[in-house]
Amino acid sequence: MSVLSVYHESRPEQPLKVLTHLEDIAATLAEVGVQLERWDASAPVAAGASQEDVIAAYRPQIDRLMAERGYVTVDVISVSRDHPQKDELRAKFLDEHRHAEDEVRFFVAGRGLFTLHIEDMVYAVLCEKNDLISVPAGTRHWFDMGEQPSFVAIRLFNNPDGWTAQFTGERIADQFPRLDD
């Protein structure tokens, strides 16, 4: 079940609200330009699946997104509990950063916590299988896959070079709850 916890940036210990209904979550995020949709992720894939297998399994959904929204590059992030670089990947994504393009993720297995820092508010979005999240270019955010990650997400880009982050250097992510908290 997707969950949205909304905080003021100065009060990481106490959310202002916690939402669990998709319609409420999507409406709240839409107010700040973020899209959250429920898509069908019924093709069986597991954390650790190869990029080729995941893309092949979800080719119709990928083609639809690329055609509708003009994305030019697709890849897959697939991290399991036994991934040899899970700690390094987690550390990299946990630092607040932004991108020059929209960040689009379609979760086809597992879950992860996308936390968005918009003006003086923090939106922690627990994304799970079937969730498609689209974060506007320039939005400060971080992502937590957890200490024992298990997720597969399809990533779509306008930039042919793929994932390129601009780290803010801010330590705000350290103050807010993580996926395992």
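A Cβ is built for glycine as well, from the same backbone N, Cα and C atoms used for every other residue.
Quick look at what Swiss-Prot annotates:
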- His97, His99, Glu103, His141: Fe(2+) binding site (BINDING)
- His97, His99, Glu103, His141: Ni(2+) binding site (BINDING)
- Glu96: site 'May play a role in metal incorporation in vivo' (SITE)
- Asp102: site 'May play a role in transmitting local conformational changes' (SITE)
- Arg105: site 'Important to generate the dianion' (SITE)
Listed recorded positions are Asp102, Glu103, Arg105, His141; which of them have CA atoms within 10 A of the CA of Glu96 (site 'May play a role in metal incorporation in vivo')? His141
Report, in whole Å, the straight Cα-to-Cα distance of Asp102 (site 'May play a role in transmitting local conformational changes') from His141 (Fe(2+) binding site). 12
Name, in the order they occur in the sequence, the residues of the same chain whose CB lies under 8 A from the CB of Arg105 (site 'Important to generate the dianion') and which sit 6 or more residues away. Phe114, Cys127, Leu132, Ile133, Ala153, Ile154, Arg155
Which chain-mates of His97 (Fe(2+) binding site) that are at least 6 residues away have a CB under 8 A from its CB, listed by sequence? Arg140, His141, Trp142, Ala165, Gln166, Phe167, Thr168
Out of His99, His141, which has the highest number of nearby Cβ atoms, where nearby means within 10 Å of its Cβ, if these are the binding-site residues? His141
Which of the three DSSP-derived classes (helix, strand, coil) applies to Asp102 (site 'May play a role in transmitting local conformational changes')? coil
Same-chain, non-site residues whose Cβ lies within 8 A of the His97, His99, Glu103, His141 Cβ center for Fe(2+) are Arg98, Val135, Thr139, Arg140, Ala165
Does anything in the same chain, at least 6 positions from Glu103 (Fe(2+) binding site), have a Cβ under 8 Å from its Cβ, and if so what? Ile133, Ser134, Val135, Ala137, Thr139, His141, Arg155
Is His97 (Fe(2+) binding site) helix, strand or coil when read with DSSP? strand
Near Asp102 (site 'May play a role in transmitting local conformational changes'), which residues of its chain come within a Cβ-Cβ distance under 8 Å, counting only those 6 or more away in sequence? Arg69, Ser134, Val135, Pro136, Ala137, Asn158
For His141 (Fe(2+) binding site), what is the secondary structure state per DSSP, taken as helix, strand or coil? strand
